[in-house]
Amino acid sequence: MTVPSDLDISRATALRPLEDIAAQLGLGPHLLEPYGHNVAKISLDAIEELSDRPQARYVVVSAITPTPLGEGKTTTTVGLGQALRHLGKVSAVAVRQPSMGPTFGIKGGAAGGGYSQVVPMEALNLHLTGDMHAVTAAHNLLSAMLDNHLHKGNRLGVDPHRITWRRVLDVNDRDLRNIVTGMGGRADGTPRQTGFDITAASEVMAVLALSTSLRDMRRRLGRIVVGYTRDGSPVTAEDLRAAGAMTAIMREAIKPNLMQTTENTPVLVHAGPFGNIAHGNSSVVADRIAGRCADYLVTEAGFGADMGAERFFNIKCRTSGMRPDAAVLVATVRALKAHSGRYKVVAGRPLPPEMLAENPDDVLAGAENLRKQIDNIRLHGVSPVVAVNAFPTDHGSEHDAIRRVAEEEGARVAVSNHYSEGGKGALELAEVVVEAAEEPNRFRLLYPDSADLRTKIETIATRVYGADGVSYQPAAARALADYEAIGFGSLPVCIAKTHLSLSSDPSLLGAPTGWTLPVREVRASIGAGFIYAICGEMRTMPGLGSHPAAERIDIDEHGQIVGLS
């Protein structure tokens, strides 16, 4: 079966009025703030209005360790949400807003795909309601206020050598990673080395995703630490008197965006922290609203279960107080074959032809990664469901191999064809998810707030990643000691590492053993509410490839966007 392009499917979808989409969730028109015809903001008044409704079954979609191509988590999230409606359930989907950086880079857009996508996909991938721009503006206002403070006398005694706050932009631009500002003489500022990160890596984005209300966002923005004084005291956005103006910029951005799928299932799109260099989950407020509107809320966590799902459990759920009922692990034939170590998958290039040949033994050779990621879900007391995301090049024997591994591990499993068939292609998956979500589970956090920061890092490294231990660069060790002394030790930990391996080395596939996690730097995201450990060579500002997706994107003679994928 040949499936049209995602853009063609998106444009062929019969969109329903957003009032009808909202009505599926019991949201009245008074709670909607339309942005054009196909997107609306949802008022935060909905949180209070819906507080007496029962809580939805809460399902998180994660994956095995992916290839650079991605394994279809967003597509599976949307397909599952649609399939639950086929079973007569009221369902809602919650996903992150895509960053325009990867949209114009190698990865392309992030609306799902085929007959399981968020539509219109052009709106989702390009600007949407401007939340990304609000985050960028609020972040850079704080940068400007900080530099202005230095220029106007430095009343707070900020140490220019201990400034941790950079600037952000929603573009992949490697030339901005390291820059010098303030050149040109005294009238043009104070020269210092700094740089740009991508907006999705901004702490302001993480604050947006983890805030529970407008007032909570105001408090969190005020707590952002931008650097330290000469005596080692933290300097905050509140100290710089920037937090109020930042909140004013973000006042509309805190409201989730309502869209729909190709089958008119409601979707809440909100916030977009990256899954490898941030905590990688959509917003708490979107889940708080959708969780009171539906029988089932299906949300997505970035990259593999060791990344986005671990942070979903230990950062997002710790903050929101919501408790998941089931977790879906997306597995693909190609990813498991890649984990066999017999093939190399490169972003932007076709798969090796020999990788497409029927070979269930190669699938089984990479199955240790699936086994470990099932275990990572179980560590948190949640029932795992393996979703085999089917591709046209797969073979039945290869699906059977994945099913056999999942069943050996005691996990439910279903083969899903939601890309080519929409919700009806994910009915088996929806049925086993309902079974898993309706059985009792004992959700638990991986570590208590009271554990020290080293213990938290080492718990994640050894129990989730499979490391033998952790090594710390001297600067990282000093930072941990300083953060404990300042009073930041009770915060959870977000570990930034490659998403292409359970380890910090992207070349180590499967479920590697006999390795040590190297922590080279530790930062404090106090506004967001976590400590941020950086392992290996992580880039907080991506670059463009040799042939970025931007080269293919244009408008036609009718003003329609072409080339977006």
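Backbone N, Cα and C atoms are what each Cβ position is placed from, and that goes for glycine too.
For Lys73 (ATP binding site), the same-chain residues 6+ apart in sequence whose C-beta sits under 8 angstroms from its C-beta are Val61, Ser62, Ala63, Glu300, Ala301, Gly302, Val330. Secondary structure at Lys73 (ATP binding site), as computed by DSSP, is helix. Here Swiss-Prot flags Thr67, Pro68, Leu69, Gly70, Glu71, Gly72, Lys73, Thr74 as ATP binding site.
Among the listed binding-site residues, namely Pro68, Gly70, Gly72, the Cβ with the most fellow Cβ atoms inside 10 Å is that of Gly72. Taking the Cβ of Leu69 (ATP binding site) as reference, residues of its chain lying under 8 Å away and at least six apart in sequence are, in sequence order, Arg334, Val345, Ala347. A C-beta separation below 8 Å, combined with a sequence spacing of at least six in one chain, links Thr74 (ATP binding site) to Val95, Ala110, Ala111, Gly112, Gly113, Gln117, Val118, Glu300. Applying an 8 A CB threshold to same-chain residues 6+ apart, the list for Thr67 (ATP binding site) reads Arg334, Ala335, Ala338, Val345, Leu500.
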